[in-house]
Amino acid sequence: MNRERRKAENLRGVGDRGQWASKTEYVLSVAGNVVGLGNVWRFPYLCYKNGGGAFLVPYTLLAVVCGIPLFLMETSFGQYTQEGFITCWRKLCPLAEGIGYGFFIMKLYDFSYILVQVWALFYLVYSVRAQLPWATCDNTWNTVYCLGLQSFNSSNVTAAYTNISSAATEFWERRVLNMSSGIEELGSLSWELVLCLLFSWMFCYFTIWKGIKSSGKVAYFTATFPYVMLFILLIRGLTLPGAWEGVYYYLYPDINRLANLEVWTEALSQIFFSYSLVIGTLNVLGSYNHYNNNCYKDCFWLCLLNSGTSFVAGFVVFSVLGFMAQKLGVTVDNVAESGPGLAFITYPQATAMMHLPQFWTFCFFLMLILLAVDTHFVTVETVITSVSDLFPAFFRAPRRREIFVFIICLTFFLLHLPLVSQAGIYIFQLVDYYGCTRASQNLMTVFQCFAVAWVFGADRLLCIIEDMTGHRPSVFFQLCWKFLIPLLSLISFILYLVHFQHVKINEKYVYPDWAYALGWTMTLSSVLIVPLYAAGQLCLASGTLRQRFDVLCHPAEDPPGPKTEEGVQLSSL
């Protein structure tokens, strides 16, 4: 039997689940997911903060040792099992199925990132006004301490103005967020943000309601257009006065920073974050591929695209920050911030100083929305897929998927309403900080590497990849999966605990103790389910303890198909 015929037979029954209509849809969907907000603001800031150009050393090294091997592992066993991130473990190591449920919980926390779309959509609407509201202090929400762009420079900031705030900061905190005094004070809902939230969830629904048949088509636009915006903003940024001063701050190498272990752990965390590793996304997207898709080649190109985009985004961000620093008469380190502060305060303030400020602001927030949209609808799609694979007979019936997707979108729209209240930023920061932390990522990485590389077998996975792609990966990948990645993850976890600090808002607001307890509950909820599920499986299985381990560590389905000389099973279904 020739290879193509055997692959077709192995894929019997997958038609109801669906597959990518073309290789392009898969590549764009993965690229759209992994190239996101982490590239635009998180990587440039970490690079600046941790040694500039010197940060590229640990980032590149850890991308080779951890990023690419994990990317290949997750996409390949997704393609092999043709299952979501829960049921795939039944064909790898049933005892480790708790990893899939842990991913499921982490994904639900990730749903809250739709708030970034909501904020960006709010700014996009206001960017078409004749006068940008974050450029002046003539608005009802401004305080007496507000300084507009015309007066906000170093010569005007004297000791008499100890409580000054920029117009952009006041628009963000007092108009967009309308922040209450703390998480205890929920306050009222912002009807404008509620409408933006509703629109965002509606867009998500109509993107994924037909599965990859619809989301794959949407990716043609949402994955490519941000690159057009990024290129436009790059050209504009590099032609601004003071831009190269910002680029210097971005890339200036501080070799001494490489001796700090925290720099290395932050580089590892950034790779996990931007590559969408150890959260179930890659194996779900890979599961829609044909069995003989060359996931080995895809892995290298997609990782290169992600890291390259991160590097280029740094020039976009810091060229604008250099321009802003020159305008304000300050150094770049006084205007550079991370996270929401960069995207919703510093960058809008900078574009307001340019010629045609409405156009540049519109471009920036349109790019931000599309980056967030791509990541969000893939996140929701992976959850829908994994639950559907858990109950295929029920969810693959006509129209049931559409109903299920509608229920999920409606439910989380209602659950996210507190995020657009006056205490929304406090809730969001709590979920962001504790829901999917470096600690949970590190421990889940150890669990996954142990289950795949040691129990299922690293050599067995290499044989499977060779059968699927025709290329056998280097033994280097086996060494990474079995030793290097778990070791580095454990070191990162230990350093996380040693240097741990509770989250604060603006380094001032301290959450109440019950909020911190809730945060740790979120962190532990995804991690503890792995050993608890395994213990439950062992208790429910029959036979001696040794027999239970043997059964649960062996794939639940061992389908017929060709084997290597060592007896390794190769076929898919």
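The backbone N, Cα and C atoms fix where each Cβ goes, and this holds for glycine too.
No curator has checked TrEMBL annotations; they are predicted automatically.
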Which stretch, out of 20-41, 86-107, is listed as transmembrane segment by TrEMBL?
20-41
Fill in the CA-CA distance, C146 (disulfide bond) to D374 (Na(+) binding site), as an integer in Å.
36
Hey, does the transmembrane segment (53-72) touch the transmembrane segment (475-498), meaning at least 3 C-beta pairs closer than 8 angstroms, sequence gap 6 or more?
yes
State the residues, same chain only, that lie 6 or more residues beyond the ends of the transmembrane segment (359-384) and have a CB under 8 A from a CB inside it; answer 'none' if no residue qualifies.
29, 32-33, 35-37, 39-40, 84-85, 104, 107-108, 110-111, 113-114, 116-117, 120-121, 123-124, 127-128, 132, 200, 203-204, 207-208, 211-212, 215, 218-219, 221-223, 225-226, 229-230, 232-233, 236, 276, 280-281, 284-285, 343, 347-348, 351-352, 401, 404-405, 408-409
Tertiary contacts of the transmembrane segment (300-325), defined by C-beta under 8 angstroms and 6+ residue spacing from its ends, are 27, 30-31, 34-35, 38-41, 43-45, 47-48, 56, 59-60, 63, 67-68, 71, 227, 230, 233-234, 237-238, 240-251, 274-275, 331-332, 334-336, 342, 346-347, 349-351, 353-354
Please give the sequence-distant neighbours of the transmembrane segment (443-463): residues at least 6 beyond its ends with Cβ less than 8 Å from one of its Cβ atoms.
70, 73, 76-77, 89, 92-93, 95-96, 99, 102-103, 106, 272, 277-279, 472-473, 475, 477-478, 481-482, 485-486, 489-490, 493, 526-527, 530, 553, 555, 564, 566, 568-570
